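Novice: Starting off with a structure, shown below.
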Amino acid sequence: MKIGIIGAGSFGTALGSILADKGYDVTLWTRSEEQARSINENHMNSKHMPDLVLPDRLKASTDLIQVVKDKDMIVSAPPSHALSGILKEIKDHIPPKVPIVSASKGIENESLRLVSEIFESELPGQFHSQLSYLSGPSFAKEMVKRVPTIVSIASKNEATAKRVQEIFSFTYFRTYWTPDVVGVEVGGALKNVIAIAAGVADGLGFGQNTRAALITRGLNEITRMGIKMGADPMTFLGPSGMGDLVLTCCGEASRNRTVGFRLGKGESLKEILSSMNEVAEGVKTTLSTKNLADKLGVEMAITQEVYHMLYEDKDPKEVVRALMSRDLKREGV
């Protein structure tokens, strides 16, 4: 089986490593000639994982069209803000009837579209039944190190979901399928916003009580938004909901938690982002989630305060104070 992966960041590389481990021939697309050489000649991703050895069957190319042509499956893993342009470029070169798996997370800023809505808007209808979405608690480096990991595979087409589930599932990588595309996407995107808040609390020196509070109320916000958009609330108790939220809020490898942590320590957002090697999706997702919540009339207190901090320079200590002094409420969604 030949598989093309769009995006040679940490997560695209990790998914490629799993698939190559299974014996598939995998090609990553990267814009960088240097990165492609590093993967092809030295079996390492010099930019994102310079300390880890990749499988021999994992190759890289700077030719996007060649990466998707004549493949048996395509995996899409670029930052969500780059997705629309990439799909426009490849849509006439995708082989018919191949599974298309998205691993991107986020909500497009201007249109407020979910990743699935971008795919269905940019690709012809003939491909829609082949689409699926992968999300869950999965740090890339741990996947390459073959640490046992579980994720969700969501598709509106059961046959597609089960086919992708079969292709990905391996001794250390287990997948669960669900028809709830919206729920999986909302959980995967919005947990990054909550992780920024959790990082701020850690940076300010608050304890684990505070982190647990943010995770609990954050899950409440995510579920509320998901229900408004038509998701199954039970999805948010699964890998792409609670699982991903806990990992992203607590794990030191979380880019979004790191952004919040450094903000809590007094650094500016500009300083933080300019020093990072990878995209922290939660920064852009905070803006789009805030706007989507306003549009749909969904109360999202943590998201609103993270927005004030990122886009209006509100002091992190004031953010925490505002959250703790809100009107008292009954527990529940």
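Cβ atoms are placed via backbone N, Cα and C, with glycine included.
From Swiss-Prot, here are the annotated features:
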- Lys191: active site, proton acceptor (ACT_SITE)
- Ser10, Phe11, Arg31, Lys105, Ala140, Arg255, Val279, Glu281: NADPH binding site (BINDING)
- Lys105, Gly136, Ser138, Lys191, Asp244, Ser254, Arg255, Asn256: sn-glycerol 3-phosphate binding site (BINDING)
Novice: May I ask for the distance between Ser254 (sn-glycerol 3-phosphate binding site) and Ala140 (NADPH binding site), taken between their Cα atoms and rounded to an integer number of Å?
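Specialist: Distance between the two Cα atoms comes out at 10 Å.
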Novice: What residue among the binding-site residues Ala140, Val279 has the most other CB atoms lying within 10 A of its CB?
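Specialist: Answer by Cβ density within 10 Å: Ala140.
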Novice: Could you measure between Ser10 (NADPH binding site) and Ser138 (sn-glycerol 3-phosphate binding site) for me? Cα positions, answer in whole angstrom.
Specialist: 11
Novice: Taking each of Phe11, Ala140, Asp244, Arg255, Asn256, Val279 in turn, which of these binding-site residues have a Cα lying within 10 angstroms of the Cα of Lys191 (active site, proton acceptor)?
Specialist: Asp244, Asn256
Novice: According to DSSP, which kind of secondary structure is Val279 (NADPH binding site) found in, if we only use helix, strand and coil?
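Specialist: DSSP call for Val279 (NADPH binding site): coil, neither helix nor strand.
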Novice: Among residues Ser10, Phe11, Arg31, Lys105, Ala140, Arg255, Val279, Glu281 annotated as binding NADPH, what is the maximum Cα-Cα distance? Answer in Å.
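Specialist: Between the outermost Cα atoms of Ser10, Phe11, Arg31, Lys105, Ala140, Arg255, Val279, Glu281, the distance is 22 Å.
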Novice: Of Asp244, Glu281, the binding-site residues given in the record, which has the fewest other CB atoms within 10 A of its CB?
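Specialist: Among the binding-site residues Asp244, Glu281, the lowest count of other Cβ atoms within 10 Å belongs to Glu281.
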Novice: Given the binding-site residues Phe11, Arg31, Lys105, Glu281, find the one whose Cα is closest in space to the Cα of Ser138 (sn-glycerol 3-phosphate binding site).
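Specialist: Checking each of Phe11, Arg31, Lys105, Glu281 against Ser138 (sn-glycerol 3-phosphate binding site), the shortest Cα distance is to Phe11.
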Novice: Max Cα-Cα distance in Å among Lys105, Gly136, Ser138, Lys191, Asp244, Ser254, Arg255, Asn256, the residues listed as binding sn-glycerol 3-phosphate?
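Specialist: Max Cα-Cα spread across the sn-glycerol 3-phosphate binders: 15 Å.
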Novice: Given the binding-site residues Phe11, Arg31, Ala140, Val279, Glu281, which lie within 10 A of Asn256 (sn-glycerol 3-phosphate binding site) by CA-CA distance?
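Specialist: Those near Asn256 (sn-glycerol 3-phosphate binding site) - Cα within 10 Å - are Val279, Glu281, in sequence order.
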